[in-house]
Amino acid sequence: MSEASTAVIEPPAIVVVVGLGQMGLPMANRLIGAGFTVHGLDPTPAACAALEAKGGKAFADPAAAVDGAAAIITMLPNGKIVRDALLGAAGFARRLPRGTLIIDMSSSAPTETISLGAELEPLGLPLIDAPVSGGVKRAIDGSLAIMAGGPGRQVERGRAILEAMGKSVFPTGPLGSGHAMKALNNYVSAAGLIAASEALLVGRTFGLEPDTIIDVLNASTGRNNSTEVKMKQFVISESYASGFSLALMAKDLRIAADLAGHLKLDIPQIGAVADIWDEAKAALEGGADHTAIYRFLAKDAGGAG
Ligand code: NAD
């Protein structure tokens, strides 16, 4: 094993963030705040400008971006795009020195992550999966929950990077286990959002005040993350602007359902929830926020919404 693949990565090492979207940009800003030298890669000019305004450096050319990097973070829509960025026709992984730590923080499919790790291994590139939970708000304040899969020594190498973005870092086991855990978390979260949305829909159709419904749930056993931080903020207000798209949630739920299928487990509710989200994605406008599931459920139920 080369020295590079055991050395702990600390500021001011160069960390490349690939994908400066709703999550990648605030996460990159946390790394800058912790003293890392942050290089960004994203085709969106506004995202690059926002990174530079905070002290990072945005690159159009991946080869220039990764020059001298100790670690590469991918924060991209899905695992196929991650693989393409690393190993596709224009991928930059083959340019990286052996030992460069690759951290996929996207919510990718665990089986694809395991395959990616096997492809990167002959290049001497260790991969860990470290997806996050907490949304844009917690990406901004650096309090994300991070679930980290992969060899323990590689998770430890990247710990200072992860701790700059998260309040808790949970080693979850071998490569892919973080991504499995993330999909399962989002299944529980999405099921909770559906339950809260349906309760709001039935309750307000019956004549209950929307705010009262949520206040009572939050003081009672029906409380969940959606009743606390989504229902009043994004659903009742009708802003539908949490910063997490419905399409990405649909992707996560299909990963959870596929994982159950891959393990030959017959878990009907996961498939049912994944189906509802896929139907909502087809029915709602492109770019809809995941909290707009309420609008879909209301229309589907024929209620007032
Ligand atoms: P986003 O769509 O806002 O951002 C994705 C970014 O990737 C965009 O800026 C896009 O231009 C860029 N991109 C696409 N292909 C690229 C490439 N080849 N090279 C460089 N940049 C590229 O998505 P997001 O909401 O930031 O989510 C990113 C990941 O994090 C997803 O896997 C998502 O499921 C997960 N996630 C999102 C949230 C949330 O609240 N938004 C929370 C937890 C996890």
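Each Cβ is built from the backbone N, Cα and C atoms, and glycine gets one as well.
What TrEMBL says about this protein:
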{"type": "DOMAIN", "residues": "16-170", "note": "domain '6-phosphogluconate dehydrogenase NADP-binding'"}
{"type": "DOMAIN", "residues": "176-297", "note": "domain '3-hydroxyisobutyrate dehydrogenase-like NAD-binding'"}
{"type": "ACT_SITE", "residues": "Lys182", "note": "active site"}
On the 0 to 100 scale, where does the mean pLDDT of the domain '6-phosphogluconate dehydrogenase NADP-binding' (16-170) fall? 98
What's the number of neighbouring CB atoms sitting within 10 A of the CB on the residue listed as 'active site'? 28
Please work out the helix, strand and coil residue numbers for the domain '3-hydroxyisobutyrate dehydrogenase-like NAD-binding' (176-297) from the DSSP assignment. 91 helix, 2 strand, 29 coil
